[in-house]
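Structure record follows, encoded as structure tokens.
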Amino acid sequence: SYDCLLDDPFEHQWPTLPELPGINYSMDEQCRFDFGVGYKTCTAFRTFDPCKQLWCSHPDNPYFCKTKKGPPLDGTECSPGKWCFKGHCIWKTSEQPYSQDGSWSSWSKFGSCSRTCGGGVRSRSRSCDNPPPAYGGHHCPGATYEYQVCNAEECPGPYQDFRAQQCSKRNSYYTHQNSKHTWLPYEHHDDAQKCELICQSEGTGDVVFMNQVVHDGTRCSYRDPYSICVRGECVHVGCDKEVGSLKQDDKCGVCGGDNSHCRTVKGTLAKTPKQLAGVLKMFEIPAGARHLQIEEMEPASHSIAVKNQATGNFILNAKGREAKSQVFIEMGLEWEYTIEHGKESLKTSGPLHEAISILVIPQEEEVRSSLMYRYIIHEDLLPMIGNNNVLLEEMDSYEWALKSWSQCSKACGGGIQYTKYGCRRKSDNRMVHRNFCDNSKKPKPIRRRCNLQECSQPVWVAEEWGACSKSCGKLGVQARAVQCVQRLQDGTNRTLHTKYCSGQRPETRRPCSRLPCPAQWRTGAWSECSASCGEGVQQRQVVCKGSESGGRCEGDKPEAVQGCHVALCPGKLSGITTSADAGDHGTPKGQQLPQDGPKNPVSKISSREPCLGDKSIFCQMEVLARYCSIPGYNKLCCESCGKKTSSTTGSPPTTGPSAPPGTTAPSAAPSLFPHPTTPARGGPSGDPTLAPP
């Protein structure tokens, strides 16, 4: 019955739920719900606030406490006059407590700058206490601290790496492996440890964590000249010295520039040392150079050396030092020096704070040293280069240009399309990847109307019918595609949703070839042989398929029954003797072979089972009468075989108890329907009979 569907679902007869579910359940009961019978509130220790987490224990082991890391239900009594609410134990009130979100106080004043020059940081803070979050309310969104870059001007004198200064201060007192070292700055590859003070021994190369963070205002990475460390975390700073800014330098250091003021300086120089003493100066690289690359043109035994012109100190391959591939930090920059296949190379992203000299330390006399150099510099610094037979190249500059219009939003009836901008190189007006252009300078798209022509009425369009799925019978169908199509002004068609076409949709399926199939013979599988040994029969179903429509099957009907032979039955003649074989041994043992005659016909074997008629329609077939000598078939077709026997011997079949009808068969054989039988070894009179195979 579906009478329940008639019930009114809006009857308000449900019991009123408590405002706070914990009112009805103590902490002990909640422990039982969580962990099973016997569990109660843990008493092995006391928490500052029992409403933070529900701890439970069993009396059998009271010092083993469990928790599911969840607070008790709101409304659970936590002490006299108090209950739990949002993980806090508060005083009970007559009114339902509501959660209270926190709100920020006003900002404090900025503190002092962490550095007097070279780029420091100052901060201010605020508190989430106006009001504070309560009863499960949300904490104030946003940051507690706000930072500001201060004293960003460079310090007077030669450039000093602030991180390197912090490492070198430990030269006099910090010991590693029971000895003092000269400590150099080291930048860890893990971004999470960029603001850790990590130093490397100049002598051994050991990298040591100093177990403290760098001072506020220290650059996070030598690959980023602006982002700084504050309170042990890296704070992103743009090239405009604003915290959180996304502005970046172009390739020659113009903040937010487009490389239009950048120049590429490159050249080659070859010199041959006349003596092994001293060093051979090749060329100078000015301050402000960026993306510096120096490469040896051909293998030579000499070594490249680099000297800071402001301090006179070697930063690479001082005389007496072994030249080896390395990544090192000097002059506040990360350098990569490589020796591969006898050729040296040196590169850094810059910018150089002071000019450097590129030198060669001779190892053999009269061996030429040839170097290629390349760097990018601002055009205002070109006079510093001098006449070094260098080749100046203008840096490619890029701009946003109209590339195309977007596809119209409608094919007809008035749509909208927008401009699509691409990045174009100014030197040859060639469109390049958009990453070359400054995304902040990308123009806003312009919109215009398009495809103002009227729309034609959509109509149904049906394709040709497909082939029929059947050639005859009652299941043949054929299909076709039917679409809602709108003709456009340019001669093309547009497929629309079917809801836009009016009128009845043409049929997509229809019956076909529903004609009676011609009659034909169909045969089933052969049954198993009716005998387990000796000769038997098999049968199968044979029908004329399609004859119900009046057709007749052509050709002869296939055989429905056939004989089968499995194997010779064991002991078919074993134990059978004649009176002649018995000889002088008196009464013959075993069974006697019956003699031919009216009393013992060859094909007759007595059986005590009465004949109840044929059990198969095939028994009446004359062609199968020869199988009546097989016991299994004789039993199956006892009536037909009885008639056959009586017509052969000239006497009617025996119907009395001593000779039941249809029991004649000389040997065991399979039946049309397997029913294994075991004929008796003696007839009703006790005469010996032939044993079945």
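Even glycines carry a Cβ here, placed using N, Cα and C.
Taken verbatim from TrEMBL:
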BINDING   Asp7  Ca(2+) 2 binding site
COMPBIAS  661-671  compositional bias 'Low complexity'
DISULFID  Cys31-Cys56  disulfide bond
DISULFID  Cys42-Cys65  disulfide bond
DISULFID  Cys51-Cys84  disulfide bond
DISULFID  Cys78-Cys89  disulfide bond
DISULFID  Cys113-Cys150  disulfide bond
DISULFID  Cys117-Cys155  disulfide bond
DISULFID  Cys128-Cys140  disulfide bond
DOMAIN    607-645  domain 'PLAC'
REGION    579-608  region 'Disordered'
REGION    645-693  region 'Disordered'
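Distribution of TrEMBL features across the structure.
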{"residue": "Cys31", "record": "disulfide bond", "DSSP class": "helix"}
{"residue": "Cys42", "record": "disulfide bond", "DSSP class": "coil"}
{"residue": "Cys65", "record": "disulfide bond", "DSSP class": "strand"}
{"residue": "Cys78", "record": "disulfide bond", "DSSP class": "strand"}
{"residue": "Cys89", "record": "disulfide bond", "DSSP class": "strand"}
{"residue": "Cys113", "record": "disulfide bond", "DSSP class": "coil"}
{"residue": "Cys140", "record": "disulfide bond", "DSSP class": "coil"}
{"residue": "Cys150", "record": "disulfide bond", "DSSP class": "strand"}
{"residue": "Cys155", "record": "disulfide bond", "DSSP class": "coil"}
Cys150 (disulfide bond): nearby disulfide-bonded residues from Cys65, Cys117, Cys128, Cα cut-off 10 Å:
Cys117
Cα-nearest neighbour of Cys42 (disulfide bond) within the listed disulfide-bonded residues, Cys31, Cys51, Cys155:
Cys31
Number of Cβ atoms other than its own within 10 Å, given for Cys128 (disulfide bond):
18
Given the disulfide-bonded residues Cys56, Cys78, Cys117, Cys140, which one has the fewest other C-beta atoms within 10 angstroms of its C-beta?
Cys117
Pairwise CA distance, Cys140 (disulfide bond) versus Cys65 (disulfide bond), rounded so that it is a whole Å:
35
Composition by DSSP (helix, strand, coil) of residues within the domain 'PLAC' (607-645):
26 helix, 0 strand, 13 coil
Distance check against Cys89 (disulfide bond) for the disulfide-bonded residues Cys51, Cys65, Cys128, keeping those with Cα within 10 Å:
Cys51
Can you check which residue among the disulfide-bonded residues Cys42, Cys65 has the largest number of Cβ atoms within 10 Å of its own?
Cys42
Relative to the Cα of Cys51 (disulfide bond), which of the disulfide-bonded residues Cys31, Cys78, Cys117 have a Cα no more than 10 Å away?
Cys78
Considering only the disulfide-bonded residues Cys78, Cys84, Cys113, Cys117, Cys155, which fall within 10 Å of Cys56 (disulfide bond) when distances are taken between Cα atoms?
none
Find the one among the disulfide-bonded residues Cys31, Cys65, Cys78, Cys113, Cys128 whose C-alpha lies closest to that of Cys155 (disulfide bond).
Cys113
Check the Cα-Cα distances from Cys65 (disulfide bond) to the disulfide-bonded residues Cys31, Cys84, Cys113, Cys117, Cys128 and tell me which is shortest.
Cys31
What are the sequence-distant neighbours of Cys113 (disulfide bond), meaning same chain, six or more residues apart, C-beta distance under 8 angstroms?
Gly120, Val121, Arg122, Cys150, Asn151, Gly217
Out of Cys31, Cys51, Cys84, Cys150, Cys155, which of the disulfide-bonded residues has the smallest number of neighbouring Cβ atoms within 10 Å?
Cys155
